[in-house]
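A.B. asks: From Swiss-Prot, here are the annotated features:
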type	residues	note
ACT_SITE	Asp148	active site, proton donor/acceptor
BINDING	Asn10, Glu385	Mg(2+) binding site
BINDING	Lys17, His208, Leu209, Gly210, Asn211, Gly212, Asp283, Cys284, Arg285, Gly331, Ile332, Gly333, Glu334, Asn335	ATP binding site
BINDING	Arg91	substrate binding site
SITE	His180	site 'Transition state stabilizer'
SITE	Arg241	site 'Transition state stabilizer'
Amino acid sequence: MSHKLVLVLNCGSSSLKFAVIDALTGDDQISGLAECFGLEDSRIKWKVNGQKSEASLGAFTAHREAVEYIVNDILGAHPEIAAEIQAIGHRVVHGGEKFTRSVIIDESVIHGIEDCATLAPLHNPAHLIGIRAAQASFPALPQVAVFDTAFHQTMPEKAYIYALPYKLYRENAIRRYGMHGTSHLFISREAAAALGKDEADTNIICAHLGNGASVTAIKGGKSVDTSMGLTPLEGLVMGTRCGDLDPSVIFHLVNRLGYTLDEVESVLNKQSGLLGISELTNDCRGIEEGFGSGHKGATLALEIFCYRLAKYIASYTVPLERLDAVVFTGGIGENSDLIREKVLNSLAIFNFNVDKERNAAARFGNGGQITTDEGTVAMVIPTNEEWVIAQDAIELIK
């Protein structure tokens with residue numbers, strides 16, 4: 001069988017996820033993570049055909065050294081895989097309004113990603129470092145950028161414009177952009193197939209739930225509304241992010257309580273959400289354990305998380321007009337039968353009837369319908385953003 005292999009790179013501020021994916025099947029040939037960049041113990045872990053390995057990258061190394069290690073040591077040890085790589089696919093968090101679809105990277109694309117860096121200051125600069133490193137290591141291979149924001153560029157103006165002076169949008173592009181677009185796109189395609197429908201005739205609400213979380217209304221395969229905004233801070237309760245908030249809270253923290261703006265930003269992004277409410281952990285597994293043992297903070301955090309999510313799902317029936325299914329994905333969405341059941345029970349008005357056996361079975365990579373055959377469909381579909389990136393890369397280089 002012929003392969004169409006793509007090296008997928010996902011560069012964070014202090015880490016780099018990588019995988020060699022077969023765009024035809026979605027199978028990983030190689031997958032791994034380099035982390036702790038800039039520290040004394042930078043390391044890289046990887047897996048080839050199920051066999052795990054680990055190595056030190058050396059002190060204070062970063063993206064370039066990680067890419068070089070991937071090329072020289074990992075791929076160098078597997079020339080049969082390296083020889084079949086046809087493109088490099090890069091995940092890019094923010095493409096602003098400039099990038100409405102995946103693109104082959106050239107200098108103009110790099111400048112465009114740089115221009116969007118103020119909208120994703122932790123992510124876009126890291127992506128650019130990864131792109132430059134990959135260009136140096138793979139000068140003969142085409143490089144493709146796949147944007148988290150691109151899928152949401154089909155939202156109508158009434159969904160993405162904030163009720164601020166319009167010139168802030170016109171002159172500064174302040175608007176809702178949304179994130180997790182690659183995941184929501186994958187789920188849109190997979191949900192239509194699972195329902196036996198054409199994607200253009202499928203309306204779903206997708207809940208991507210992880211440490212970062214977002215909900216998207218998808219009508220006929222296109223995003224029509226999403227919960228994250230200008231940045232990933234808006235919307236749902238998340239691991240450490242507050243989600244929706246009265247903006248005057250910021251003024252109160254600064255003017256009355258003496259916080260600096262940097263401190264406020266840290267509170268809203270890194271100290272809030274499940275962690276802030278529970279005063280215990282940002283990890284949903286720990287929250288569920290606390291809920292089970294009667295921990296007051298964990299119980300409150302879980303209740304608020306589920307309540308906010310249920311409200312968003314209910315509100316996103318408005319732009320859809322008809323709902324074919326609610327789909328849960330992401331680390332929490334794929335594994336927490338407790339949260340799924342609590343959320344769907346709150347949406348009984350929409351005729352969701354949770355099948356406890358199906359719901360309990362949909363964990364650890366197992367998906368499928370979690371409601372009874374009577375009533376509205378809810379299902380679990382494990383996401384695969386890397387596969388979408390690989391598919392887009394191969395499609396663009398045809």
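Quick reminder: no glycine exception, Cβ is built from N, Cα and C everywhere.
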A.B. asks: Quick one: among the recorded positions Lys17, Arg91, His180, Arg241, Arg285, which has the most Cβ atoms sitting within 10 Å of its own Cβ?
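C.D. replies: Going through Lys17, Arg91, His180, Arg241, Arg285 one by one, the largest Cβ count within 10 Å is at His180.
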A.B. asks: Show which residues of the chain containing Asp148 (active site, proton donor/acceptor), separated from it by at least 6 in sequence, have their CB under 8 Å from its CB.
C.D. replies: Arg91, Val92, Val93, His94, Gly95, Gly178, Met179, His180, Gly181, Thr182
A.B. asks: If one measures from the C-alpha of Lys17 (ATP binding site) to the C-alpha of Asn10 (Mg(2+) binding site), what distance in angstrom results, rounded to a whole number?
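C.D. replies: Cα-Cα, rounded: 5 Å.
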A.B. asks: CB neighbours of Leu209 (ATP binding site) within 10 A?
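C.D. replies: For Leu209 (ATP binding site), the count of other Cβ atoms within 10 Å is 27.
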A.B. asks: Can you tell which of the binding-site residues (Asn10, Asn211) has the fewest other C-beta atoms within 10 angstroms of its C-beta?
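C.D. replies: It is Asn211 that, of the binding-site residues Asn10, Asn211, has the fewest other Cβ atoms within 10 Å.
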A.B. asks: Do any residues at least six apart in sequence from Glu334 (ATP binding site), in the same chain, have a Cβ closer than 8 Å to its Cβ, and if so which, in order?
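C.D. replies: Residues satisfying the criterion: Phe328, Ala362, Arg363, Gly365, Gly367, Val380, Pro382, Thr383.
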A.B. asks: In whole Å, how far is Arg241 (site 'Transition state stabilizer') from Arg285 (ATP binding site) when you measure between their Cα atoms?
C.D. replies: 17
